[in-house]
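Working notes, beginning with the structure itself.
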Amino acid sequence: MLGTRAFSAGMLAATPNRLAVRSRPCLRLAGLTSLPIHRRSAAGCRWQARRLQGGLVLRVQATAAPTREQETATTQAWERSLPLGPGSVAMQVSVTGDEQTVTVSTNLPGPLILHWGVEGGRKYKGGWRLPGDSCQPEGTVNYKNRALQTPLHPVDGNGKQAVTIRLAGDEASDFLNFVIKNPETNTWYDLEGTNFQIALRSPPVEAAPVPTSSPVGGAGQGEKGELPPLLPLDKIPQLPQELAGIWAYIKWEVAGCPNRSKEEADREYQAGISELTMLLRRGRPLDEVWQVARGEMKYADYIARFSYLLAPAEQQQGKTNGAVAAPPEPVRRQQKEQKQEQRVDVPEELVGIQAYLLWEQEGKPDGADFSEKARKLLEGRLRDGTSVADLEKQLKGPSPPKQKQAAPPQERKQEQHREERREEKQQERKPEKAATTVGKSMGQRQRNPLDFIKRSDGSSNAVMQAKPKYRRTPLTPLVEAAQADKGLHWYRLFGMGKEREMLVTVRPDDLTNPDSAVTVTLTTTLANSVLHWGVKQPGRGSDWIRPADNLLPPGSNLDQDAIAADTPFQTCNEGDCKVDWSSLDYEPSDFDGASDPLLRVSMRLPADHKLTALTFVVRSQDGDSWWRDNGSNFSVPLPGSKQQKEKKDRAQSFDDELSRVIVDCEVNTGAWTLMHRFNRATDLLNDVMGGRFSKEQSIEDSLARIYVWLRYSAIRQLTWQRNYNTQPRILGSAQERLTHSIADVYSRTSGEAQEWARVMLTTVGRGGNAQAVRDEILNIMHRNKISEKKGTWMEEWHQKLHNNTTPDDVPICEAYLAFLRANGDEGAYWSVLKEAGLTREMLASYDRPVKTDPFFYADKKDALIGEFENYLKILKSVHSGADLQASASAASGHVPGAAKGYLGYVLANSNGHEILPLIEAAVEARAELQPVLRNSRDVLYLDLALENVVRAAAERGVGSAGPRTAALVAPLLQNLALSLGDNEEVCYCLKAWQDLPEKARSGQVTGKDDALRAMAVIERVRRALAEVSDGVSQTVGPVSQQFGQAFGCESWAVTLFPEEVVRGGPAFAVSLALTAVEAHFRSVAEMGAWQVISPAACWGKLEVVPDLHDIQEKVYDEPTVLLVKHVSGEEEVPVGVVGVLSGETCDVLAHLAVRSRNMGVLFATCYEAAELKELQALTGKMVACETTPGGVIKWREADAEEVASHAAAASDTASKRAPIKVKIPKWCGKWVVGMDGFKDEVVGAKSKNLAGLRGKLPDSIALPSSITIPFSSFEQVLKLKENKALAGELSKAVKEVVAGEGSSKQLQRCRELVMQVPVPSQLQEELKERMTEAGINVPQGEQWDDAMHALKSVWASKYNDRAFLSCRKVGINFDDVRMAVLCQRIVPAQYAFVIHTTNPTNGDEGEIYVELVKGLGEAIVSGTVPGAALTFTARKDDMSNPTVLLYPSKGEGMFVPESLIFRSDSNGEDLQGYAGAGLYDSVTTATTERCKVDYSSDPLLTDPAFRQRIMTDICAAGLAIEQALGSAQDVEGVIDADGKVTVVQTRPQM
């Protein structure tokens, strides 16, 4: 037997005095009269002692205890006294032969109970044994069959209390284990967290030599190695958290993957850590243990080989070693005294932490002070050699997983009882749950986030596998005809098994007359079949009605008393039944050799038939086989006016066949259950993947529709049981079939289709062995002698389970467990049911109702809790597919080794209070599972379960974490990336976040620059989340609305459906985290809540609109302030709008921003959702908005009179403004001019300004080679004879534009006509000549055609919507615009910039304002690329110190290969008082592509010196251009790969 005991510093004090009743050497313990050491020839024994945490550990290894026959009648006696709380406890042992007498006494005050048990004795099987009644002192009670509790009684007048226990004969034992409890104060007294233990047969025995190591091969199965010394904790390698998780997972796998509670999983996880720690402390190398974790050595073999290191007492039995003498008493005493005299200083901070931990361990007792105990414990550890740094690391280090010191065997035996006492303390004291904290990172593997990218276009690693072609059957042509036939009232294709089908069509003679005659046609490929049918009438429910004789088709049989007719299917000889085998994927041999395999039954229903449906089944002619519609009767709805009044056939309101089939099943089927729904869903999934619905919608849309349907079922908006009982076995089979089909769809798809397949699994339980649901509830009742008595709760639930188990049974079981644990409190029962959405009415509505309340069996409480905890696992394994424990168990055979460590940690800590390591572990486990997701349905379920763990942890901890929530952003983004089908932008966001400085990632940012970088990433992430949310809403929103109304779902469920899908997904957790940290980053970045793009004051009526683009043509009759959800920057400000406020950012130099400033319209972005919400509350009311000098928008409610007053003043100002006039230039007589010909009324300001810059700029600033097609060239082309007809058509179209006030369709027609105009050959030749003169390479072949197309596209942009609206607003005739076209070679650009040499946000002429992006400048000015550019300013008198205002947050850039660009250079772009810039297009000859950009790795962010130089050079160029041209300029330019600045255009700043 091996005992490991921990004693206080004075407990193991050696003394020269010896007392032995028999002649044996003894170890003298303080307060112990004698501790004899047995000598036996057959027993090898050894001991080892060292100081640990302020005490001494005595490790004893001995052989089995001597039998009673080996003992003599000589009496042995010893006693022991130990400190115990404020008092002490004394133990006296007397052994005579086979009789053992133990007296435990103490001077503690108050009533006391001895909580005790023994080890050894008759039929001992381990753990605590409870002696029989004859050995139990008076007053002893049995505590839960786990321990005995005996009161102590006063024994003298000095306050001493004692109890004596006598064990004799078969009850004689090896050890007595106990603790003492004061029941009044609920105080437990133990030995520093463990039990007191008294040796009853013999004390520890002699020491033996100890080897220092044992090689792997040195001790095999059944071959015990020598027990190595126990290394101190600070001398072994640090235990990697991943290894601990893998070890726990392997142990769980070896145990058979049992279902465990979270508490059980945590205990097993800690046991794994203890096992690993003991192996390391016994000298096993860390690399060797890793070999086991990696699967290079089998765990079972390894543990069998080295189990003696973990349980040496059992493994060392019978092994004899040479004995050596113990160290001399004086030497040991001197060593002890020297240690005691050593002075150690413990930092007070560490004392406080240790005291807190002790307080937690003791159940957080009120008023308790553990500081002195903590100090002594830490002093002892320091004396043992542990450094202060190591102590600090252990106390402050990462908690999960807590690496407990491995418990020796004796302590492991006592763990059950310590747990029992902890449980009792928790129940009695009800300590508060540990507060949720972020915790310390466990560390994530270094991965490139871009490796996670999956795309819908099939270009990722997750390429869609080739879909099997939808096999065309003999009925396929008829189905296609039915799909196109608008004269049908209803049709449906039914599968009849083994590739046989049946098509049913319902055709009224007159679709407009519901009471007209009807033809019902049933066509099938099922040979030798008979239609067994009846009809239904209004008000008769699902009852079959005998059909009238006049309805019977030829050959029918209807017995006199029958309600159903039998009509054989006959060979169809009609024209549509002729089979063209060449167009099909089958041969006649597949249909029993029949060249015409189609059979048909047709029946004619007369006008005013007054029937609601045809109902039927199909049988074989011999009656041996029957076919039903997934277990129910087939039902065919019939038209009729009465039916329309009572219930319109909602299925027919859908345009697509898939939706019609789904809705028809739900609303037109009499018998319908989860089983029917799941089977139908499986069939439809097969049809989708086969291409049946591909002509009507994409596979993504089809899967989304099935998901919406199944989710409505999962949230109980669809019936789970109607007119049919489903045995659990059959339901489980349907679930299993469906879930495997979903997994198959997942394995064969990619992108969004795969994403919909994945989330579809969340709506269905795993299924499988559902029969256990039915059987086990009865077994529980029988085992616990609970009668099947009608009218009792358990019997009612049993009947429901027996006939129709549903997902509701999971919360019902959870509620009953809560009821048991609360000692029969019905409030606990109903609380759980309410949280699950179950009411008393719902329970009573089941086909087998549960009407009564549960009965509390007090005597069976503990047994029933255990029974129903296990039963809950069975229910979850069937109904809760994404349950973590069930999923991990089911998927264990497919889990990669690299995932096991993370998964082991998650299983043990899924409810842990430190959320960061939990989220990291779950996400890393998901990452490791990705390669095998296509291989197994169960791995998919495990992936979903891990996603749920992440979401729950985030929701649990984000709210209270504050800025430290930033540490969660990276794993939450990775979690989102792993879930999305098209995740490219999220992966770039993840990379951008990971590339932030460490302090920013952890939420400890203190510098403004780091905060600005973080805010740029946050904005990009926000947009990515919006795309995810909008994508989900746009896909499922309309479908859920249509299905919800057709199904008759509750209005709240329909309204909230898209939102709940988003909130239940991984994007919501990221949003929560960003919300928690954004305010902090914004504050440090000194950004404020508002970004004012166009400062102004405005008064008007507040109106909320979703998208500015959708209403830019609208004319508001009164001053209006728009609160807009989405702006891009390319829109026009609608007439009558005086202010635009939005939650989305926009480039300050985008077209919308420039026009807003030019028009004096307020334009600002608000980043505070709460403030936007407050503002939105004023929708429909008058508001006043002003811009403060600090760049904040102040708003308030205004009255109508105030608004009218300001409107009148604005109108008066506008009336005094000089009208804007456009001078129409004449054609100069040349088709193309070079830079020498860039003159007034020949070319526009862009061309003229470039010419004006020649020779005026430093050599460091380049100008591109340029030529221009002059003003009115296009109008001159139209005058050519060959273009007369086109010119007439265009003139007519322009008049229609004016008459129609510029509808988009009319303007589009104008653009189409322009693109039909041929470019004259003379113009083309001149263009080539001028290009050659200017040094521009002339395109050849198709590239020249592309150039001509680009030229005409610029001409056509005169007629774009935005230009028309802008011209109309200021009174310009849009047709007076004349377009010059500037042609340039595209400069290969690394970056592009836009400069305003006067700061447009505040009008400061002494400050330059710049926006810079990767790629083309169109990403800034067009407004088509959302997000911020790198934005900075510089004082003109301090150009070398630019200031960054915003870091880039754009997710995309615009790129084009080296080619030509044709730029608009019209006479309407730079008019005084009118900002026409950007209204017209610039077009490249090569295709411009939008590509993802990664600013986080760009030198602009990674190299501050590079960034400083680039910003300084750009600002210097802007100032030089302003000085050259004499006015503030709006400049566009690029920087090439060598850092060279090239100005591509400039115009006066408006």
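Using the three backbone atoms N, Cα and C, a Cβ is placed for every residue, glycine included.
Fair warning: this is a prediction, and the values are worked out from it, not measured in the lab.
For the domain 'Alpha-glucan water dikinase-like N-terminal Ig-like' (90-200), the predicted model reports an average pLDDT of 84. What TrEMBL records for 90-200 (among others) is domain 'Alpha-glucan water dikinase-like N-terminal Ig-like'.
The domain 'DUF7067' annotation in TrEMBL covers 242-290 (among others).
Per TrEMBL, region 'Disordered' is recorded for 319-346 (among others).
Annotation comment: TrEMBL describes 330-346 (among others) as compositional bias 'Basic and acidic residues'.
The domain 'DUF7067' annotation in TrEMBL covers 348-396 (among others).
The region 'Disordered' annotation in TrEMBL covers 385-461 (among others).
Annotation source TrEMBL lists compositional bias 'Basic and acidic residues' at 385-395 (among others).
Among the features that TrEMBL reports, compositional bias 'Basic and acidic residues' is placed at 410-433 (among others).
According to TrEMBL, the domain 'Alpha-glucan water dikinase-like N-terminal Ig-like' annotation covers 492-638 (among others).
Annotation source TrEMBL lists domain 'Alpha-glucan water dikinase phosphohistidine-like' at 1089-1202.
Residues or ranges marked as domain 'Pyruvate phosphate dikinase AMP/ATP-binding' by TrEMBL: 1345-1549.
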Count the residues of the domain 'DUF7067' (242-290) that DSSP assigns to helix (H, G, I), to strand (E, B) and to coil, and report the three numbers in that order.
38 helix, 0 strand, 11 coil
Under DSSP, the domain 'Alpha-glucan water dikinase-like N-terminal Ig-like' (492-638) has how many residues in helix, strand and coil?
13 helix, 58 strand, 76 coil
Can you tell me how the residues of the domain 'Alpha-glucan water dikinase phosphohistidine-like' (1089-1202) break down into helix, strand and coil by DSSP?
24 helix, 51 strand, 39 coil
Can you break down the domain 'Alpha-glucan water dikinase-like N-terminal Ig-like' (90-200) into helix, strand and coil residue counts using DSSP?
6 helix, 58 strand, 47 coil
